[in-house]
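The Mg(2+) binding site annotation in Swiss-Prot covers Glu9. The ATP binding site annotation in Swiss-Prot covers His15, Asp167, Gly168, Lys169, Ser235, Gly236, Arg237, Phe238, Asp246, Arg252, Lys253, Ala269, Lys273, Lys277, and the record cites similarity to another entry as its basis. Per Swiss-Prot, K(+) binding site is recorded for Glu43, and the stated evidence type is similarity to another entry. The L-methionine binding site annotation in Swiss-Prot covers Glu56, Gln99, Asp246, Lys277.
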Amino acid sequence: METFLFTSESVNEGHPDKLCDQISDAVLDACLQQDPDSKVACETCTKTNMVMVFGEITTKANVDYEKIVRDTCREIGFVSDDVGLDADNCKVLVNIEQQSPDIAQGVHGHLTKRPEEIGAGDQGHMFGYATDETPELMPLSHVLATKLGARLTEVRKNGTCPWLRPDGKTQVTVEYHNDGGARVPIRVHTVLISTQHDETVTNDEIAADLKEHVIKPVIPEKYLDEKTIFHLNPSGRFVIGGPHGDAGLTGRKIIIDTYGGWGAHGGGAFSGKDPTKVDRSGAYIVRQAAKSIVANGLARRCIVQVSYAIGVPEPLSVFVDTYGTGKIPDREILKIVKENFDFRPGMISINLDLKRGGNGRFLKTAAYGHFGRDDPDFTWEVVKPLKWEKTQA
């Protein structure tokens, strides 16, 4: 049997880039909670002892940006300079302006347009992907890397591994078999974890704890064998981390946010953007489309692309490819997608309830992936029953 290796990585919530994603989405949540029509484009950057939020926000909401920054950093675990950032004593800089009136009139006619008339907030193309290799209909390499990162945070916060610090990265290589275009995982080839730690712990203790408390509970036994390679803190030392170790910036982990290198990516980031930004809403609706195609048995694996022009409601193009796994021709599936999904930005917002912020709704998306999550707030993960003539099959 011919096999191949494919690798996906993840970072956990204490990684500086992910810290920035979470702050940007916490700001979005705060704006949408008070004013669902908020227009938000919020970027964050961080380096030693400093966090800056900047961008364009037009909202009726009364938002305390500094408090959101400090609360988000504290919740992640950045509570002292030792761990990489002190939430209560770091410098917080804010440079927020209103959305450009040129963009505003082109996209939503200064709020005079009906939902179906609202134009895309920018040009761009987005991809949605789904595969039947996991219950989440997500790639296994990505699912495992993401879950390892989430588990690292869990055992840090619940005290199981008190030597852990917030920053950390994971990477998983899976050996796959190509089954007529579908992807069948055979085994896990390599597991890599690099996690920030305190000064007291030894490398042997780190390796033992990571195997017992992180890898064992996450990776199903059937995928591990005596040949599986483990790289556990291979650099030997990772005490300095968070923004002290590396600068961070919103939108730098777009593959981790999506499909771990599978499918394709149009390049647009998600965090800190309200649903008129098709980088986000467009990517969410094509994930729902791709997932629904696979879940309804139309294909085992699928990618959907949509593209937009600024100020224009209707998409410029929609594309479907089932990698040869479709039960009916791709052109028929494309027809079904167009009949069952409304790709106009204003309608995506309504159908996926994307104007509802607050309660950490979008903050939750900003760590451990936007897709494949079992959470009612992730409305784009709901499978749509597709209307199609079974006689076509």
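Cβ atoms here come from the backbone N, Cα and C positions, even for glycine.
Distribution of Swiss-Prot features across the structure.
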{"residue": "Glu9", "record": "Mg(2+) binding site", "Cβ neighbours (10 Å)": "20"}
{"residue": "Glu56", "record": "L-methionine binding site", "Cβ neighbours (10 Å)": "16"}
{"residue": "Gln99", "record": "L-methionine binding site", "Cβ neighbours (10 Å)": "21"}
{"residue": "Gly168", "record": "ATP binding site", "Cβ neighbours (10 Å)": "27"}
{"residue": "Ser235", "record": "ATP binding site", "Cβ neighbours (10 Å)": "7"}
{"residue": "Arg237", "record": "ATP binding site", "Cβ neighbours (10 Å)": "9"}
{"residue": "Asp246", "record": "ATP binding site", "Cβ neighbours (10 Å)": "17"}
{"residue": "Lys253", "record": "ATP binding site", "Cβ neighbours (10 Å)": "24"}
{"residue": "Lys273", "record": "ATP binding site", "Cβ neighbours (10 Å)": "27"}
{"residue": "Lys277", "record": "L-methionine binding site", "Cβ neighbours (10 Å)": "23"}
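Counting Cβ atoms from all protein chains shown, His15 (ATP binding site) has 28 others lying within 10 Å of its own Cβ.
Ranked by CA distance from Arg237 (ATP binding site), the binding-site residues Glu9, Glu43, Glu56 have Glu9 at the top as the closest. Here Gly168 (ATP binding site) is positioned 31 angstrom away from Glu56 (L-methionine binding site), judged by their C-alpha atoms. The Cβ of Glu43 (K(+) binding site) has Cys20, Ser24, Val53, Phe54, Gly55, Leu249, Thr250, Gly251, Gly272 as same-chain neighbours under 8 Å, each 6 or more residues away in sequence.
Largest Cα-to-Cα span within the L-methionine-binding set Glu56, Gln99, Asp246, Lys277: 30 Å. Cα separation, Lys277 (L-methionine binding site) to His15 (ATP binding site), rounded: 25 Å. With respect to their backbone Cα atoms, Lys253 (ATP binding site) and Glu9 (Mg(2+) binding site) stand 10 Å from each other. Note: the CA-CA distance between Lys273 (ATP binding site) and Gln99 (L-methionine binding site) rounds to 12 Å. Distance between Cα atoms for Gly168 (ATP binding site) and Gln99 (L-methionine binding site): 35 Å, as a whole number.
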